[in-house]
Every structure is written in structure tokens, then in C-alpha cells.
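Here is what TrEMBL records for this protein:
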- 52-86: repeat 'PPR' (REPEAT)
- 184-219: repeat 'PPR' (REPEAT)
- 286-320: repeat 'PPR' (REPEAT)
- 387-421: repeat 'PPR' (REPEAT)
- 483-517: repeat 'PPR' (REPEAT)
- 584-618: repeat 'PPR' (REPEAT)
- 619-654: repeat 'PPR' (REPEAT)
Amino acid sequence: MRAQCRSIVSTMIPTPSRSLLISAIKSSRAQKNPSFGKSIHAHIIKSGYLPEIQLFNHLLNLYCKSADFLSANKLLDEMPERNLVSFATLISGYSRSNNPQYSLSLVPHLQEQDLSPNQFVFSSLILACSRLKWVDSGEQIHSQVIVSGFESDPFVQASLIDMYSKCYDLESAVLVFRSSPSSDLVTFNCLISGHVSLGSYKEAFELFAELLRNTDLRPTEYTFASVIKACSNLGIDYGEQIHAYILKMGLDSDCFIGTSLVDMYGKLANVESSDKMFQATIAVGDIALYNSMIAVLSNNNLHERVLKVFYELKSEGIDPNESTLCCLLKSCGAMKCRNLGRIVHGVVLKSEFYRDLFTNTALIDMYMKCGCTEVSETLFATLTERNTVVYNCMIHGLAQNGCFDDALILFIDMNRCGIEPNQATFAALINSCPGIEKDVFSFVLKHGFGFDLSVQNVLLDILVKGGVIDEAQLLFSKMKERDVVSWTTMISGLSQFGLHYDALKMFKKMLLESVFPNNFTFSCVAKACGILADMELGICVHASCIKHGIMDEDYNLASLLDMYAKCGALQHSSKLFDESPDRNIIAWNTMIAAHAQFGNGHEALKLLEKMEKKGLEPNQVTFTSLLSACSHCGLVDEGIHIFELITGKYGLKPSMEHFASMVDLLGRAGLLERAKDLIDGMPYEPDTSIRMSFLASCKMHGNVELAEYMKNHLLEIGSLENSGLVLMSNIYSESGKWDDAANVRNNMILKGLKEPGMSWVQIKEER
């Protein structure tokens, strides 16, 4: 009876107008209430009302925004008529969903309906490629954009720049940007952001300078956020420049920009400037500003100040979010404030973040640092989701608290659950547990060898990295199944411990068992061939790389270049280098080092010129090889020029190796005063080898005065060892200062040191 009455009443209710229905659907979407939208849809169907396509499209938009793609697809199939907006709505929805690839699958349906994509469809399709990092599909869509005449549309351009940047193709992103007759702020922002995300910070700053030269454009908060992030990596000078410009524009009170500046100064280790910026912006501050300041203090181990800022946040009536709570928990753990940690835990339980993995990981870490392993284990057991980070946190915490067996069992459990360990996992095990490698092997012996292959490979890697090569070989021999990872781990381990002949024997055995090597295997074997000067096997490795098309792999090319050079076949290295189309910085550095090894200083310098012409910037390794080449060839002026390039043109900080090469170069050339001044002016304490190199140069040139200066300095810092005393004794003897030489020898006897001697050994049989 009730149902009958409801039916009669519903027939008496007039169907709302189209505009009213559209307003209701929009309201449902704005309020994020899809169930209300579904009720409207149900009412339309039940009333027998045949809505126009516009109303259907609004319903479609509602379902897409609610991520209800099942209902959206069902509605699209049931629609009596579909237009470009219908497909554009679904394509846009999918491009922002967890399955962006489905947006690309709708393109053929567009073609079936004789519909051509517009700029909005193209932007959504490009976004999908960007999120998937499908650069090939992105290039195809780019071609369609050009054919359709939308290449000048600013939103399409911005989408293309963003896509290429996210696919690590900055060159194509710049090409799209430069092809536009007039770049707008959106495309500038996308390209600057792309450069920053890929670490091209100087280029990002230069683009910002170009933007400022365009009087029609004015940077926004988004622009400044990207540029400030670049300055965080470029140094304080750049940071202060951008800050000065922000002050000039009167944007220093903007909360978003202020937050970025707080973060920037923190990353540049200038906590006080961060705090000043925080205080200047606090009046308009939000949770992001407070979080930024808390993170700066936490990362700089100023944990008591973290608590102070947190109390300020609470007094302002601002609710903490997961980032706030995690930083706070980090400080509680660092200070071992278990009681305060429990209070924060209580706040977490009352918040929406009590099931959040990131927050729970921070809680586990805090309790571990406070010595509450049982609480951490209870929290870990309740997690419905686990990742590498939370496992690492547990393993490290258990090991730090002396629960080595539990840490190892958890490591095995991690592998059984299919969660890949990373470097931090091994660091947690090896660094936290003294002699863990032996424990790993004992664990394997105790529990048998019945683990999965992936688990056994990880255990093998721990043994190799821990330096227990005999145990690693025993584990390897017991493994019933071995793949390329197992073999490569052993080959690499043997080679690292100087057992190069055994490494090559292992490689040959691997081939006999029909296991095909990977890139890393070839690289390890090529290195061993070079050290043993086994050029015959090295040529076979080279041939295999060519046969299997892996010559363009970064380390394979460099390993082969190094192998030929160490075998004395520099001409082979040069030929291979010249014939290789793709040469990265590693290959260039290897070739420069090879010429340095052969004393070809001028050739090494020519390679630097060629390298610069190719647009490649030398790095620290490049300069180490170049200075070594100059030192061994006596190229003093060239060496000084190279050293000046490090800090001048390239803005790098000279390493200890760079200073050592320069001291050796100047010392060999007899420029001892300059070498002394260089040592005295070093920005950090020179190591003993640099001072000993200087002493050797003093002996070479018979300069007793400077030798005594260096000897006295070595005595002051307690670094005058046996070899230094021997050098001083020889310097005095060669200068005719026999009494001084005798005093040095007497001191050596008193210290229980012996002068280096020699003995003759007759070898009947080599090898």
C-alpha cells in the first residue's frame, strides 16, 4: 500500500527544469556528495524524462570527479547521443585518476564518432603520458597537436613542456618553449619547474632572469617557489639575490613565498635567517609555514626549539597535520622524551592520521629511539600496509637496541613479503650490528638453505659487502639455484677483494652453466681483465657487449676503455672512444685518466677542450685526472690554469686530491714556496700524504729550510711517522748535516722504529 502511495505521489511531482537539475548536479559536485548526484540520476531515469546531452555531460563530470568510473562508463554507453564534451570529460577524469592509461584508450572511440580532439582533450592526453612517463606516446600526441594546429595554444604548450620534463627530456621541453612566438607565464613556470625537478638549477635561475627581462610578465608565487628551490641548491649568494628581489617587489609578507624562503635558508644551514623569515611571516602564517620552520629546526637537531614552535602553533589554534606530527616525533626520539612522545601518540590517535603509514613509521622510530622495542613491535604488527621504509626503521631500531636476531628475522620476513630491500636496509643491518655478516651466515646455517632465490641473493650480497668472502663462497656453492644476480654478486665480490683471477674463473664457469651476463657482470669482468692485463679475455668481453647491443651502457663503455688502457693498448681505448656516438662524463673521465696514466698530458688537456665543446661540464673526477696528467708531465702553467678553473669557471670546491696533485706538481718543478703557500692556504687541514709529498720535493731539490718547516709542523700535529723521519734523515745526510741526520736516526731508535731495509729473493719460477 505504501509503495502504491509513493508511486502516485511521484507521478504528481513535476519534473524539475533542466537548469534546476544542472544546478543540483553542480551543487552535488561542489559539496563532494556523489550519492546526491546519483539520486538525481535515478530520479531522471524513473520519471522517464529524456534529458538533453548537456545534462548527461554534467552527470558524467560528477561521476569522474567522484572517481566513480564504473558509473561514468555505464552512463557514456547508455547516452543516446555523445559529443566531444562527453569524451573530453571522461578523458580528463581518467588522466587525473590512478589509471591514466585509460584516457589514451578512449582516443579510438573519438575517431569512431568522427570527433577531433580540441586543446582540452590534447592537454588531458598529454597529462596522462606525463604521469605514466610514456614519452613515445607523448611524442605521437605532440605530432597530432601540430597537425591539428594547436601547437600555439598556451595550455597545450605548458602540458607538453611538463610532459617532456617529467620524462627526463629537457631538450624537447626547451624546444617546445622556444618554438612559441610569445611565451607566457604558464610556459615559463612549467619550464623553470622542469629544470628544478631534474637538478638543472643554474638553467632554472637563468630562465627566471629571462622572465624578468620580459616586461609584460610578472612572476607569481608558483614561479618564486620553483626558483627559491633552485637557490636552495645553488648556494646562499643566489638565495640572498632572490630574497632581495622579493623584498623589492613587496612580496615578503606573502605566506607561500615566506614558507619557501624559510625552507631555503634551512637547507642552506642558515637557521637564524629561517627564523627571521618565519617571524616576519607568522602573522599571516598557516600550517605549511609552521611545518617548514619545524622541519628546519628538526633537521638541524634543534629539538627543544621544535617543541617551542609546536606550542606556538597550538596557541594559535592551528591543528597539526601529519608532517607536523612526524617532525615532532623525530624530536621526541632524538631527545629520548618517551613521555612527551606518548602525548604526541595520543594526539595522533585522536586525529585522522592514526592509520597513516608515514605517521606510524615516525611513531615506531620514536619508540625505538626511546628503547621501547615492544611498543614499536606492537605498532608494526597492527599495520595493514608496510613498505621498505617502515621495515628499515624496525630493523635499524631492533639492531640499535641489541635485538640482532629479531632484526635478522624481520629482514627475512621482509623478503618473504616481496618488499625489496635497499641500501638503507643493508646499512641498517651492517652498520648497526657489529659482525652481522657472521650472524647472517650462522642464521643461514641454522635455518637451512631453503630460502627463495631472491632472499639467498640478498644474503649473499650482505656477506660480500661485509667482507666475509669465504662464507659467501660457501653459501654460493650450497645454492641449488643461481641466476645472473648470484653470479654477478660473487664476481664483483671476488674482484673487490683483489681476487681478480678467481673472478675471471667464476665468469668462465658462469658461461659454461649457460647463465647470460648482464651489464654489471661485463663491467666487473672488464675491470678484472684490465688489472690482470688479460687482453685476450677483455676482447671477448668487448665482442659480447657489441653482440648483445649493450655498448651504449654508461659503465660498459668506461670499463672497456679502462681495460684496454691498463693492458697497455691505449690506441684501442682511443679508437673505441672515437667510434662511440654516446659518450657521457664517465667515458670522458676514463679516457682523460688513461692519457694521464700514459703521461700524455697534452692529449688529456685536448680532451678537456673537446669535452667542453660538446657541452659537457667537467666534474671533480675530471679535474683529478687532469691535474695528475699535468703533474706527471711537468706541465706547471697548464696545471695552475686547470686548478684555477675548478673554483673560477666551474664554481667547484677543490678536493684533497686536487690539492695533493698541485703540491706534487709545484714541488716537482721546484716551486716549493708556492707549494708551501698552497698548503698553508687550504680551507681544511691537509692530510699527511700532502705534507709528505712536500717533504719528498724538499729532498729532491735539497731545500733543508722548508723541509724543517714541514717537519716541525708534522711534529706539532703528531703526524711525523717513520717514513717522514727517514726522509728528514736523508735530507740532512745529502746536505752534509751529519749531526742532524744522526739525531733523527737516534730518535727513530728510541721510538722503536726501523729504517726501511731490503732483501734479495731468488725466484726460480714465476706465477
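Using N, Cα and C of the backbone, Cβ positions are placed for all residues, glycine too.
From a predicted model like this one, the values you see are computed outputs, not experimental measurements.
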At a C-beta cut-off of under 8 Å, are there same-chain residues at least 6 beyond the repeat 'PPR' (584-618) that contact it? List them, or none. 554-555, 557-558, 561-562, 565-566, 570, 573-574, 577, 625-626, 628-630, 632-633, 635, 638, 642, 645, 650
Could you tell me what the rest of the chain brings near the repeat 'PPR' (184-219), counting residues at least six beyond its ends with Cβ under 8 Å? 154-155, 157-158, 161-162, 164-166, 168, 170, 173-174, 177, 226-227, 229-231, 233-234, 238, 245
Any residues 6+ beyond the ends of the repeat 'PPR' (619-654) with a Cβ under 8 Å from its own? 585, 588-589, 592-593, 595-596, 599-602, 604-605, 608, 611, 661-662, 664-666, 668-669, 671, 683
Tertiary contacts of the repeat 'PPR' (483-517), as residues 6+ beyond its ends and Cβ separation under 8 Å: 453, 456-457, 460-461, 464-465, 467, 469, 472-473, 476, 524-525, 527-529, 531-532, 534, 537, 544
Could you put numbers on the helix, strand and coil content of the repeat 'PPR' (387-421), residue by residue per DSSP? 26 helix, 0 strand, 9 coil
How do the residues of the repeat 'PPR' (584-618) split into helix, strand and coil according to DSSP? 26 helix, 0 strand, 9 coil
